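Asks: TrEMBL lists these features:
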type	residues	note
TRANSMEM	12-30	transmembrane segment
TRANSMEM	62-83	transmembrane segment
TRANSMEM	89-109	transmembrane segment
TRANSMEM	116-137	transmembrane segment
TRANSMEM	149-170	transmembrane segment
TRANSMEM	203-228	transmembrane segment
TRANSMEM	240-265	transmembrane segment
TRANSMEM	277-296	transmembrane segment
Amino acid sequence: MDILLNPYYLQIGTFIMLNAILGVSIYLTLATGQLSLGNAGFMSIGAYTSALLTLKAGFSVLLAVPLAGFVAAAVSVVIGFPALRLKGLYLAIATLGFGEVVRVIFLNLKITNGALGLSGIPSMTILLGKTLSSLGLGSGIGGVTLQQLSSVLILFFLILIVALLVFACLRLSRCRAGRAFAAIKTDETAAEAMGINTTYYKLLAFLLGAFIAGVAGALSAHLTFYIGPVDFDYHRTVEILIFAVLGGSNLVWGPILGAFLLTLLPEILRAASDYRMMIYGAILVLMMAFRPQGLISEETLRFWKGKLGREEK
């Protein structure tokens, strides 16, 4: 029990869930086969929007977080119309450039405090602690301190968000939009010939991925209490992409697994932290060379379902 309530492990669990949300965002972005590298840019838009709404405009965190997601989604529509006319590496370069432009804008704006970033962002953990105190739980419960209880509840809240996103993605994959995404990913020309509005569905996938990335950025801002332009640089873009490359992008479970493994990896290899990006690069090359479908694919699930079915018999 002490291990589960250890602040360090609770923080790691929180980061895993935040990265899992980003994993879902890149899954949706890649659902139509479009290689977009703009998720870190949308994450930064969500983070700064929510931070400014709470710091400058007096919005509550519960209202600022979804609004930040909608702002990121609105920007994605503006960017998506021209950008999604591109394909392959051209789209990747365009969206990567968009992310860098956003970062430089935040770096030079006075309201965002430039390179120093924004600090003193309202903390979800502290706000929850105050709420629990008002309910008479200021001294904790069952030997669990107020801070531990707040951290555990925040972690469960993030787990609930991930679960709801997974459920929504699974439902989406079985509906008309999901089938359109799959058709466009398989062959966009054939999808157009079948009467599918490819522009609409590509923009929809782009928008959904941007919304979720914006929400993840907003949650991150209110859980770390500080954000700066350096948090959303090229390295962050690569990290989000590797979630999908490592875990697999065909199923929603893939990027979530990739997020889980890549969040734990720096903790396991803390002594080699200076070589983190080199290790990420090696993982990217090895996966593309030997396991391009990622660790989780439909074939993998069928194999394990068949194996478990035989064992039950």
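Heads up, the Cβ atoms here are built off N, Cα and C, so glycines get one too.
Quantities reported herein were computed from a predicted structural model and do not represent experimental measurements.
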Asks: Can you tell me which recorded stretch out of 89-109, 116-137, 203-228 has the most Cβ pairs within less than 8 Å of the transmembrane segment (12-30)?
Replies: 203-228
Asks: When only pairs 6 or more apart in sequence are counted, do the transmembrane segment (149-170) and the transmembrane segment (240-265) reach 3 or more Cβ pairs under 8 Å?
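Replies: Result for the transmembrane segment (149-170) with the transmembrane segment (240-265) is yes.
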Asks: For the transmembrane segment (203-228), I need the partner stretch with the highest count of C-beta pairs below 8 angstroms, choosing only from 89-109, 116-137, 240-265.
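Replies: Between the candidates 89-109, 116-137, 240-265, the best contact partner of the transmembrane segment (203-228) is 116-137.
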